[in-house]
Amino acid sequence: MATTVTCTRFTDEYQLYEDIGKGAFSVVRRCVKLCTGHEYAAKIINTKKLSARDHQKLEREARICRLLKHSNIVRLHDSISEEGFHYLVFDLVTGGELFEDIVAREYYSEADASHCIQQILEAVLHCHQMGVVHRDLKPENLLLASKCKGAAVKLADFGLAIEVQGDQQAWFGFAGTPGYLSPEVLRKEAYGKPVDIWACGVILYILLVGYPPFWDEDQHKLYQQIKAGAYDFPSPEWDTVTPEAKNLINQMLTINPAKRIMAHEALKHPWVCQRSTVASMMHRQETVECLKKFNARRKLKGAILTTMLATRNFSVGRQTTAPATMSTAASGATMGLVEQAKSLLNKKADGVKPQTNSTKNSAAATSPKGTLPPAALEPQTTVIHNPVDGIKESSDSTHTTIEDEDTKARKQEIIKITEQLIEAVNNGDFEAYAKICDPGLTSFEPEALGNLVEGMDFHRFYFENLLAKNSKPIHTTILNPHVHVIGEDAACIAYIRLTQYIDGQGRPRTSQSEETRVWHRRDGKWQNVHFHCSGAPVAPLQ
């Protein structure tokens with residue numbers, strides 16, 4: 001009887017130590033190679049939990065990382081498969097994030113920013129020369145090799161990276177992080193290497209003043225700003241930045257990717273290659289202070305999002321301004337975090353770009369000064385809307401959180417479309433409701449007295465005879481939404497729905513139902529194909 005030989009090369013050659021990162025399918029631990037005593041970071045992926053597509057994604061990331069050998073890129077030293085686990089052995093990067101290091105410095109100038117962007121561009125140039133587009137350049141992926149002064153900047157996390165042939169432009173899927181996405185990606189046009197240069201432009205802008213060039217509470221408005229290239233250089237902070245620095249930013253943030261500066265050209269820009277005579281040496285204390293708040297927002301946002309999602313609440317056009325009812329504990333936790341966010345974010349000095357009327361492009365989406373920027377309440381994590389790209393998983397060796405971003409993005413879509421459906425119900429808008437529902441929608445609901453209802457006619461009756469005639473305010477809160485993603489084009493959501501309304505006698509009432517909805521995506525659009533609602537037959541719940 002033949003015996004199966006199991007590979008134990010990692011176990012034989014490396015000694016594992018403490019955890020330094022953790023995620024959905026993997027953990028990162030410090031390790032030492034026994035024969036040399038050298039330290040590394042081992043990303044350990046539990047392959048028993050991966051789908052075939054996830055395996056392809058892992059192979060692509062390892063293949064790309066093996067290609068890249070540069071002093072400004074976190075290097076992959078080994079890739080080993082053992083039974084049930086895959087080990088990626090990276091540089092052990094101990095200096096933390098570049099942006100966190102900058103705010104701890106006693107002195108920081110335009111010349112320092114020039115040196116930082118030069119190293120980032122050197123890494124990007126190497127990627128592009130090797131036919132690799134990173135697609136997720138952002139502060140979280142810019143690390144320092146060590147805590148030593150003058151340590152090298154290291155580009156990390158190639159979980160979204162793609163391979164391209166030469167200057168090939170194609171649609172590789174909607175991937176990246178909202179504030180750093182290029183106009184061509186947002187327009188869903190063919191793209192390639194220039195997307196990395198656009199992100200470098202955003203990073204350089206932040207390096208110089210401590211806040212981003214594009215921001216809005218509303219992600220749609222944020223995307224409109226980016227597509228229009230609507231940024232500016234407001235006073236007084238930009239008055240002390242040299243014209244050469246602004247010129248480089250303008251060339252990086254050029255809307256047309258064909259006209260955007262390339263990595264090798266940017267490295268030859270006078271502000272980069274002649275920094276000692278061109279870049280200002282003046283200490284930029286205001287930038288450091290703004291950057292502290294920018295960093296704080298990045299760290300805080302995840303906690304806010306997690307807490308707020310637990311009691312996700314929204315209101316429709318005819319609602320009252322009274323807050324939705326929620327559990328005291330959850331409400332307290334959420335409000336505590338929101339107050340923390342406000343204290344960090346509501347002032348220009350806190351790193352929020354002041355909104356001015358003089359924008360580079362008149363199509364800029366305007367926001368009132370003092371409102372929360374998207375980093376506070378909008379997710380600034382990586383998003384993927386194209387299943388071809390597989391699951392985004394941050395390289396744990398970069399000290400970032402690993403998440404199944406593809407699944408996460410789809411779950412957010414399902415919660416959002418469920419909100420839209422309930423909003424249509426509360427508005428009595430049958431047309432909007434019918435667009436979201438499958439024509440053959442099936443349901444078990446109290447109004448049907450336990451019978452299975454199929455089609456839209458049953459629901460149309462309530463819209464035409466009750467909901468459309470209801471002029472009283474309605475306020476709905478979704479509590480504890482749980483989404484199960486079922487393959488690429490199906491999902492199920494379960495939640496508790498609280499509805500506040502005014503009864504016929506003018507008294508405030510609250511009703512509760514437990515609901516489950518099944519969603520199916522057809523032609524790129526999610527449609528509700530079935531729902532099950534508990535409770536007594538009380539309008540206006542359905």
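One-based numbering along the chain as shown.
A Cβ is built for glycine as well, from the same backbone N, Cα and C atoms used for every other residue.
Sequence-distant neighbours of Tyr17 (phosphotyrosine): residues of the same chain at least 6 apart with a C-beta under 8 Å from its C-beta are Arg29, Arg30, Cys31, Val32. According to Swiss-Prot, the feature phosphotyrosine maps to Tyr17.
Ser26 (ATP binding site) falls within a strand when secondary structure is assigned with DSSP. Summarising the annotation, Swiss-Prot assigns ATP binding site to Ile20, Gly21, Lys22, Gly23, Ala24, Phe25, Ser26, Val27, Val28, Lys43 and lists sequence analysis as the type of evidence.
The DSSP secondary structure for Thr287 (phosphothreonine) is helix. Residues or ranges marked as phosphothreonine in Swiss-Prot (evidence: similarity to another entry): Thr287 (among others).
Under the heading phosphothreonine, Swiss-Prot lists Thr306 (among others).
The annotation phosphothreonine is assigned in Swiss-Prot to Thr307 (among others).
Under the heading region 'Disordered', Swiss-Prot lists 349-407.
Summarising the annotation, Swiss-Prot assigns phosphoserine to Ser367 (among others) and lists similarity to another entry as the type of evidence.
Annotation source Swiss-Prot lists phosphoserine at Ser394 (among others), citing similarity to another entry.
According to Swiss-Prot, the phosphoserine annotation covers Ser397 (among others), on the basis of similarity to another entry.
If you look up Swiss-Prot, you'll see Thr400 (among others) marked as phosphothreonine, on the strength of similarity to another entry.
Summarising the annotation, Swiss-Prot assigns phosphothreonine to Thr401 (among others) and lists similarity to another entry as the type of evidence.
Its own atom aside, the Cβ of Lys22 (ATP binding site) has 12 Cβ atoms within 10 angstroms in the protein chains shown. Shown are the binding-site residues Ile20, Val28; of these, the residue with the fewest other Cβ atoms within 10 Å is Ile20.
Lys22 (ATP binding site) sits 32 Å from Thr287 (phosphothreonine), taking the C-alpha atoms as the reference points.
Separation of the C-alpha atoms of Thr287 (phosphothreonine) and Ile20 (ATP binding site): 30 Å, rounded to the nearest whole number. The 10 Å shell around the Cβ of Ser26 (ATP binding site) contains 25 further Cβ atoms across the protein chains shown.
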